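A.B. asks: Below are the features listed in TrEMBL for this protein:
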SIGNAL    1-24  signal peptide
DOMAIN    25-319  domain 'Plant heme peroxidase family profile'
DISULFID  CYS35-CYS115  disulfide bond
SITE      ARG62  site 'Transition state stabilizer'
ACT_SITE  HIS66  active site, proton acceptor
BINDING   ASP67, VAL70, GLY72, ASP74, SER76, GLU88  Ca(2+) 1 binding site
DISULFID  CYS68-CYS73  disulfide bond
DISULFID  CYS121-CYS315  disulfide bond
BINDING   PRO163  substrate binding site
BINDING   HIS193  heme b binding site
DISULFID  CYS200-CYS226  disulfide bond
BINDING   ASP239, THR242, ASP247  Ca(2+) 2 binding site
Amino acid sequence: MTSSNNSFVAIFSLLLLSTMQCHAQLSSTFYDRTCPNALTTIRTSIRQAISRERRMAASLIRLHFHDCFVQGCDASLLLDETPTIVSEKTALPNLGSVRGFGIIEDAKREVEKTCPGVVSCADILAVAARDASSLVGGPSWTVKLGRRDSTTASHTLAETDLPGPFDPLSRLISGFANKGLSTRDMVALSGSHSIGQAQCFLFRDRIYSNGTDIDAGFASTRRRQCPQEDQNGNLAPLDLVTPNQLDNNYFKNLRQRKGLLQSDQVLLSGGSTDDIVLEYSNSPRAFASDFAAAMIKMGDISPLTGQNGIIRTVCGAIN
């Protein structure tokens, strides 16, 4: 009886411990003792990068997003191609469009000077996204820390798990739900398209469609820099009104049928997300609050913690 009781207690304790570890794996104070200046160092690096090029804010937020949606927030996106690694950088949703790798490496290099081998690239991505948002007028939030870096990448998952600019609403909703994010989270995170730019070939069909879901004057303006043939890489701001400010103007644009991408305008097309778009267009505070909450949730997707993964010395390579 006693030995079975002891076994039960031991098993129960293990279960309790593993549950606690699951819920307590990330913490905003993770580096307080081991690298107290980590966040300040990262912020300085990110501030310098964004002051050089304001568009970089959008690129850094997108880096974190494209990392987290492929095998979790583990910096797998940063790994370069090697004989044993097929890089996520060359997957279709990333190729020729994901940028800012050098900025993350710069921040990592600065952190390594004071705390070698302590701070993960995955955490630097999460902190950089938060800093990028706040530096261009968007919300700030407390970043949970303690992620570790993967030793693998998944080109295949990068091809299948990232939402696309032509996705219908149902696919956007299910794609985010698969990562534990609600429809409201999806709409809030789409608001990051209040900054940044898109390439002509991603919105060409929309601006030449003569559809009822696009403002004719807006389409005409966009056609000037995006001809029906060639010049695929020509850039246009996702938000024409305040292209360098992370605000709720993106949602106001949708009300005027001025979403640049099909996957933007589909959020206000008579479906289940209409009310959320209208709410955010009327309330900058509601958008900012939900965007911050959704970014925190996204940063929680399948992190490597404890003894899992490694701390890379250079973000693009395994030690």
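Here the Cβ of each residue, glycine as well, is placed from N, Cα and C on the backbone.
Help me see these features in their spatial surroundings.
C.D. replies: Its Cβ placed at the centre, CYS35 (disulfide bond) has 20 other Cβ atoms within 10 Å.
Around the Cβ of ARG62 (site 'Transition state stabilizer'), the number of neighbouring Cβ atoms within 10 Å comes to 21.
In sequence order, LEU77, GLU88, PRO93, ASN94, VAL98, ALA158, LEU162 constitute the residues six or more apart from HIS66 (active site, proton acceptor) in its chain with CB-CB distances below 8 Å.
The Cβ of ASP67 (Ca(2+) 1 binding site) lies under 8 Å from the Cβ of CYS73, ASP74, ALA75, SER76, LEU77, LEU78, ALA122, LEU125, each of these being in the same chain and 6 or more residues away along the sequence.
Other Cβ atoms within 10 Å of the Cβ of CYS315 (disulfide bond) number 23 in total over all chains.
The Cβ of PRO163 (substrate binding site) has 21 other Cβ atoms within 10 Å, all protein chains considered.
Every protein chain shown contributes to the tally, and the Cβ of HIS193 (heme b binding site) ends up with 25 other Cβ atoms within 10 Å.
Sequence-distant neighbours of CYS200 (disulfide bond) (same chain, six or more apart, CB under 8 Å from its CB) are GLN225, CYS226, PRO227, GLN231, ASN232, GLY233, ASN234, LEU235, ALA236, listed in sequence order.
Taking a C-beta cut-off of under 8 Å and a sequence gap of six or more, THR242 (Ca(2+) 2 binding site) has these contacts in its own chain: SER194, ASN249.
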A.B. asks: If you count the C-beta atoms lying within 10 Å of each candidate's C-beta, which of the recorded positions VAL70, CYS73, CYS115, CYS226 ends up with the smallest number?
C.D. replies: CYS115
A.B. asks: Measure from the Cβ of CYS68 (disulfide bond) and count the other Cβ atoms within 10 Å, all protein chains considered.
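C.D. replies: Neighbour count, Cβ to Cβ under the 10 Å cut-off: 29.
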A.B. asks: Around the Ca(2+) 1 site recorded as ASP67, VAL70, GLY72, ASP74, SER76, GLU88, what other same-chain residues have a C-beta within 8 angstroms of the site's C-beta center?
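C.D. replies: Not counting the recorded site residues, we get HIS66, CYS68, PHE69, GLN71, CYS73, ALA75, LEU77, SER150, ALA153, SER154, LEU157, ALA158.
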A.B. asks: Using the CB centroid of ASP239, THR242, ASP247 as the Ca(2+) 2 site centre, which other residues of the same chain sit with their CB within 8 A?
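C.D. replies: These residues sit around the Ca(2+) 2 site: SER194, ILE195, VAL241, PRO243, ASN244, GLN245, LEU246, ASN248, ASN249, TYR250.
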A.B. asks: Between 0 and 100, where does the mean pLDDT of the domain 'Plant heme peroxidase family profile' (25-319) sit?
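C.D. replies: That stretch averages a pLDDT of 97.
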A.B. asks: Measure from the CA atom of ASP239 (Ca(2+) 2 binding site) to the CA atom of CYS115 (disulfide bond) and give the result in Å, rounded to a whole number.
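C.D. replies: Cα to Cα, CYS115 (disulfide bond) and ASP239 (Ca(2+) 2 binding site) are separated by 39 Å.
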A.B. asks: Can you give me the Cα-Cα distance between ARG62 (site 'Transition state stabilizer') and PRO163 (substrate binding site) in Å, rounded to a whole number?
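C.D. replies: That comes out at 12 Å between the alpha carbons.
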